[in-house]
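> According to TrEMBL, the record shows the following:
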BINDING   LEU20, THR27, LYS156  xanthine binding site
DOMAIN    35-157  domain 'Phosphoribosyltransferase'
BINDING   ALA128, ASN129, GLY130, GLN131, ALA132  5-phospho-alpha-D-ribose 1-diphosphate binding site
Amino acid sequence: MKELTDRIKNNGRVLGEGVLKVDEFITHQVDPELMDAMGKRLAEVFADKKITKVVTIEASGIAPAVYAAQALNVPMIFARKSKSLTMDEELLTASVYSFTKQVTSTISISRKFLSAEDNVLLVDDFLANGQAAKGLIELCQQAGASVAGIGILIEKSFQDGRQLIEDMNIPVVSLARIASLHDGKIIFIEEDA
Ligand code: 5GP
């Protein structure tokens, strides 16, 4: 998606260890106009899949997920990384290891929000090693829900996430695909979702 790749070129910054900082417009400060366009684009791609829920993980997945859900006219659910005192219902839970933060967290969604009737679109800001996506897929599986696909804003294609998800026969659509972040330079895989 050209608006996104242009914005990454202008406002993205490469940190060491293959990490891309996009806090100017996605992960801290949010550009609502771009986020709306990206959510609509993901919704368009999955428009014929009869999606019933959009599911993401807090915090940076929430903005794109809510715009995608609005465009699909379905609810959005975000998995929580810490248990809230108000979550007194039965929970779906999975463990997610974060390579960027080097910690394992337990993510959860109240069972009442997902069922075997649901056909889910997963949305997240980044796809790196695929652990966050795998955790969300596990939550859907525990509920008996189907996962129709995963929509990602920025895929770091030099990491294993896409392969991991495709091996589960789940389609992956990424609005920007990054081939490498060597020497502080952002190289894209030139194709448009
Ligand atoms: P994965 O589980 O696919 O390895 O990583 C996904 C999560 O890690 C994303 O939800 C995102 O929060 C974070 N992440 C992974 N790589 C990057 C990166 O290069 N930049 C930023 N800002 N977050 C990242």
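Positions of Cβ are set from backbone N, Cα and C atoms, glycine also.
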> Counting only other Cβ atoms and using a 10 Å cut-off, which of the binding-site residues LEU20, ALA128, ALA132 scores lowest?
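Among the binding-site residues LEU20, ALA128, ALA132, the sparsest Cβ neighbourhood within 10 Å belongs to LEU20.
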> Rounded to a whole angstrom, what is the C-alpha distance between GLN131 (5-phospho-alpha-D-ribose 1-diphosphate binding site) and LYS156 (xanthine binding site)?
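Roughly 13 Å, rounded to the nearest whole number.
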> Quick one: which residues besides ALA128, ASN129, GLY130, GLN131, ALA132 have a Cβ within 8 Å of the 5-phospho-alpha-D-ribose 1-diphosphate site's Cβ centroid, in sequence order?
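Those within range, site residues removed, are SER98, PHE99, LEU127, ALA133, LYS134, GLN159, ASP160, GLY161, LEU164.
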> Listing them in sequence order, which of the binding-site residues ALA128, ASN129, ALA132 have their Cα within 10 Å of that of LYS156 (xanthine binding site)?
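Of ALA128, ASN129, ALA132, within range: ALA128, ASN129.
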> Around the C-beta of GLY130 (5-phospho-alpha-D-ribose 1-diphosphate binding site), how many further C-beta atoms are within 10 angstroms, looking at every protein chain?
24
> Determine which residues of this chain, when LEU20, THR27, LYS156 are set aside, have a Cβ within 8 Å of the centroid of the xanthine site's Cβ atoms, and list them as they appear in the sequence.
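Once LEU20, THR27, LYS156 are set aside, the remaining close residues are GLY12, VAL19, LYS21, VAL22, ASP125, PHE126, ALA128, ILE154, ILE178.
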> Please give me the CB contact count at 10 A for THR27 (xanthine binding site), counting all chains in the structure.
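If we count other Cβ atoms within 10 Å of THR27 (xanthine binding site), we arrive at 17.
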> Please report the number of other Cβ atoms within 10 Å of the Cβ of GLN131 (5-phospho-alpha-D-ribose 1-diphosphate binding site).
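Around GLN131 (5-phospho-alpha-D-ribose 1-diphosphate binding site), other Cβ atoms within 10 Å: 19.
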> Looking only at Cβ atoms, how many others are within 10 Å of the one on ASN129 (5-phospho-alpha-D-ribose 1-diphosphate binding site)?
18
> Just report the maximum Cα pair distance in Å for the recorded xanthine binders LEU20, THR27, LYS156, no decimals.
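Maximum Cα-Cα distance: 15 Å.
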> For a three-state summary based on DSSP, what are the helix, strand and coil counts in the domain 'Phosphoribosyltransferase' (35-157)?
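Its residues fall into 41 helix, 46 strand, 36 coil.
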> Which three-state DSSP class does THR27 (xanthine binding site) fall into?
coil
